[in-house]
Amino acid sequence: MDKNKFAARRGPSNEAVQVVVRCRPMNAKELANGFKKVVDVHPSRGVIEILNPRDDGKERKKSFTFDAVYDAMSTQEELYNETAHPLVSSILDGFNGTIFAYGQTGTGKTYTMEGSKPDPSQKGIILRSFDQIFNYISRSKNMQYLVRTSYLEIYQEEIRDLLSKDRRKTYELREAAGIGVYVKDLSSFVCKSAKEIEHVMYVGNQNRSIGATNMNDHSSRSHAIFMITIEMSDTDSFKKIIRVGKLNLIDLAGSERQSKTGATGERLKEASKINLSLSALGNVISALVDGKNPHIPYRDSKLTRILQDSLGGNSKTIMVANIGPASYNYDETLTTLRYANRAKNIKNKPRVNEDPKDALLREYQMEIARLKEKLRLMKELEEKKELLAREKYASEKLEMKIRAMESKLLCGGKNIIDHTNEQQRALEQQKQEIAERKKREVEMRQKLELQEESALEIRDTYTTLQQEVDYKTKKLKKLFARLQSIKQEIHDVTEEFNADRRDLEAAQNELLKDLKVRYLVIDNFIPADEKNKLLLRVRFDESDGSWYLLPLVPDNIVTVKRPVSSGGERRPVSDYGRVAIRLGRSHRYQGENILNLDLEPHPRTTSDYTGPIIAPKIHALLEEAMREEDDLDVDAAPLSNINFGARAKQSRKDREKEKLLKGNKARKKSSDLSSQSGNFLSTPPSTPPLFPKPRGLIPK
Ligand code: ADP
Ligand code: MG
């Protein structure tokens, strides 16, 4: 293989799909059957030659050149290192990549993709890619990776999740800007090691076989797609750009022509569906290679839609075409080689996927950052709590210290507060005592003064007579002055009393006047019994000195109570209602609870209307006037000819006869109308018509 050629195609723009062909060795059965080998593989030139076993060497060998070809001697490691390894490296740079194995059943697709266990040297592309991915990640520095896997199967055009417990559930494809085509609700598992991802693959493979009657049959008729999504971001750079590499590892269904002959029911359906996906793949490849039609029929099948990016889009793609060497496979091998040869020309445009919308890594990073922030806050909180506890402890300690110190300030076994309180109380008592003492002092002083006065008096009595006269004159004067003032006071009081009396008298007069007026009004304008009623109701309230009227309904009248219904209920209740109450149901608003009372007709007090008696002549005239329009004889003859009297006398029988005759006439007339215009009624043409003539039909 020209390895440089492959390396040169790792550039960013237009990159062709890599097509490698692998021819498996002849198996024991083939060897035993002595089948001829018709395929020649030339790995050094990338050439495959195939000889038609049917024409015994007359025809020239068909030769096909590919990016790389692998013969029976090639090892799994060789194939991986030369083809898949560079592609997986690209995935780790943020490119999309697809490796799919195409070929007839039994040619080694599964062997190529998965390998055969348990020999590690037999590991296929999938397992080797796991190793490469996780080795690369473990060696990388300052990078963060998130590896997710999904595993799905397309069987009979239905997508099933091989990692979901529900094997019956089918999944739909969706397309979104920035994401591309994806399987909606497909489960995905985050893997942290090659072991984990291997386990995921193993679980998926187990699921693949469930429900299949024949595992080989099933796997040859279904497409298995193992998806690895690697999200990566530089932890060092300031702006953390996320890149995503997606790797699709596909083990396609057998490309052999599904024989429809004899296939019925489920088998036929299955055959047609397998053909549908693979023929759609062929059509997509053809359309891409042809390039004439811009429309690529990706939507024709689930497989082509999933491979949309891998074929002609943003992906690096490797197609491994598996062939068998034996002569009996010639036709299928040739078909595969032609198919693969065409696929070589598909041009892809791979580019690094930066900042995709569905990056889980970003979400994880953000979540981690959020959690870290939370953790930091929690730590801070914890620290604060600790500080608080320490402070609390310190304050408690301080408090204890204060209490201890306070206890030291105790006086005579009492603490300082109690002591002060007691002192305060003693002080107040003393103050009170002082006040009382003062009061007593004053009293004593007053007593002393009085005693002094009387003593003085006694002393005075027993001194000189002159002094006594003087003293008594003085006293008399004093008393006289007092008498005078008292007299004046009496006069003043009398004067005041008289004035008050006068005022009161005046007011009394006014009131009497008013009362007289009121009495006059009462006597002259209020009926005596009404007055008496009011007088009976009027009362004087001694407490506030005012008059008031008793309520209109005297208290002694007993208020009429609601009659109680026979059942003791507040309202009359029907028997039904009572039963309903006993049964705990509502008895109200029930149809059975409503009484229908028919109104009794009132005796009639009026008589029927009887018309006035009309003279027979007038009656006849009125009848004539009230006759129906049909009965009117429209006569064009002069009015004088109409004899009202005679018409009135005409019997009903006659009139009916006349009507019949007229009807015949009218019918006859309508038939004659086309030829005889104007002669509408049976009047002679000479007499002028009373009504305007109809124009009739215009003769042609
Ligand atoms: P497919 O998946 O295309 O139907 P398998 O991968 O099941 O084919 O291969 C059929 C058989 O051939 C398996 O037993 C496998 O081990 C064997 N086989 C296929 N390719 C090779 C190879 N290159 N070297 C050795 N054995 C192979
Ligand atoms: Mg297989």
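Every residue gets a Cβ built from N, Cα and C, even glycine.
The domain 'Kinesin motor' annotation in TrEMBL covers 16-346.
In the three-state DSSP scheme, Lys109 (ATP binding site) is classed as helix. Counting Cβ atoms from all protein chains shown, Lys109 (ATP binding site) has 29 others lying within 10 Å of its own Cβ. Annotation comment: TrEMBL describes Gly103, Gln104, Thr105, Gly106, Thr107, Gly108, Lys109, Thr110 as ATP binding site.
According to TrEMBL, the coiled coil annotation covers 361-451 (among others).
The annotation coiled coil is assigned in TrEMBL to 476-510 (among others). Per-residue pLDDT, averaged over the coiled coil (476-510), rounds to 88.
Marked as region 'Disordered' by TrEMBL: 645-700.
Annotated compositional bias 'Basic and acidic residues' per TrEMBL: 651-661, in sequence order.
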Subject >> Nonlocal neighbours by CB distance (under 8 Å) for Thr110 (ATP binding site), same chain, sequence gap 6 or more >> reply: Ala101, Gly124, Ser219, Asp251
**OP:** Taking the recorded ATP site as Gly103, Gln104, Thr105, Gly106, Thr107, Gly108, Lys109, Thr110, identify the other residues of that chain whose CB atom sits within 8 Å of the mean position of the site's CB atoms, giving them in sequence order.
**Re:** Arg24, Ala101, Tyr111, Ser220, Gly254, Asn322, Gly324
**OP:** Please go through the binding-site residues Thr105, Gly106, Lys109, Thr110 one by one and keep those whose C-beta falls under 6 A from any atom of ligand 2; give the result in sequence order.
**Re:** Lys109, Thr110
Original post:
Here are some binding-site residues: Gly106, Gly108. Which one has the most Cβ atoms within 10 Å of its Cβ?
Top reply: Gly108
Original post:
Tell me which residues of the chain lie with their Cβ under 8 angstroms from that of Thr107 (ATP binding site), as long as they are six or more apart in sequence?
Top reply: Arg24, Asn322, Ile323, Gly324, Asn329, Thr336
Subject >> Other CB atoms within 10 A, centred on Thr105 (ATP binding site) >> reply: 18
